[in-house]
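Swiss-Prot lists ASP58, GLN66, TYR71, VAL111, PHE146, ASP311, THR352 with the feature FAD binding site. Residues or ranges marked as region 'Disordered' in Swiss-Prot: 1-23.
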Amino acid sequence: MDLSIPNPVADTTKQVDGGSPAGGQPQEIDALIVGAGPVGLFQVFELGLLEIKAHVIDSLKVVGGQCVELYPDKPIYDIPAVPICTGQELTDNLLKQIEPFEPTFHLGQEVAVVERREDGRFFVETSLGTRFITKTIFIAAGVGSFQPRTLKVEGIDKFDGKQLFYRVKDPSRFHGRNLVIIGGGDSALDWTLDLVGKAESVVMIHRRDGFRAAPASVAKMKELCEQMEMQFLVGQVGGYEEKDGVLTEIKVTGADGVTRRLPVDDLLVFFGLSPKLGPIAEWGLDLERKQIKVDTEKFETNIPGIFAVGDINTYPGKKKLILSGFHEAALAAFGAAPYIFPEKKIHMQYTTTSPKLHKILGVDSPVFD
């Protein structure tokens, strides 16, 4: 089956973290994981126990997927034997867990081309021109790549990354600045509360007086408004003013129909992230409502050698839980082993008792009296 994508995106960016440089000879590998979220990271672990080294691709420039993008500091309560952890802590622990297997990460790029070869392996090329020939592919891309929903004001995009931001990477960058924060969800409220008292001024704007955020955060924001520590306006941004290429004001039309001009140094917009399945939709996989259909024995797709785990897959009884994705990753690893070691019989071993697994993990085998 030909799985090529028309008009693949590629440039001459040199890849320095493994794989081939753009336009170079593809690297031959055993397993390629698409998605560096928690399930993708645990897929590295399960493959590693079977002595299968993995390469991992993610469209984001950081590891962790939506756990890190959407709720790095939010508590997670349903990871077995971990009563509470944040998205960032979960990611950090998974990275620690997979250290013995030395996975190679290729971040800030998407899979642009997948072609089935006559020998059963797959040719893969990313949007940065990194190339592989791989025996297996594991799609652990959550609900796809995340792109921020942007502010729909003509021409304002030219300030993107300069004075217009959809993510906060370095909070200190906004200290002492006049900020306008737009949005009504947790991210907008969280950053508003964090930056009040650190920024020169903070004005929060939302199109209505209702919020999709924690009630305690909303109450705290209103308390700060009463204390004159910040302002809140109901309205929508419809325009802006600039001087010498610098954003100086935004125009906000309120519920009363009056347009107000607000001075601004930086504009932070939190409209949420829009999941996009992206090129995966063109791979020839069986899809159901933008999710990939799999069997429940190996979590393999309709294309032999391509597996799907985590929120991106669907099957009867599917539950979108991190722990479900971990289970799927374990079975997918065993399902993939025959493609990688066709002559090898895979025996079930346990990390508690197997000297072989202890050696793989780099730990001492316990001595029992």
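Glycine is no exception: its Cβ is also placed from the backbone N, Cα and C atoms.
Summarising the environment of TYR71 (FAD binding site), the number of other Cβ atoms within 10 Å of its Cβ, over all protein chains shown, is 16. Ranking the binding-site residues GLN66, THR352 by how many other Cβ atoms lie within 10 angstroms of each Cβ puts THR352 at the bottom.
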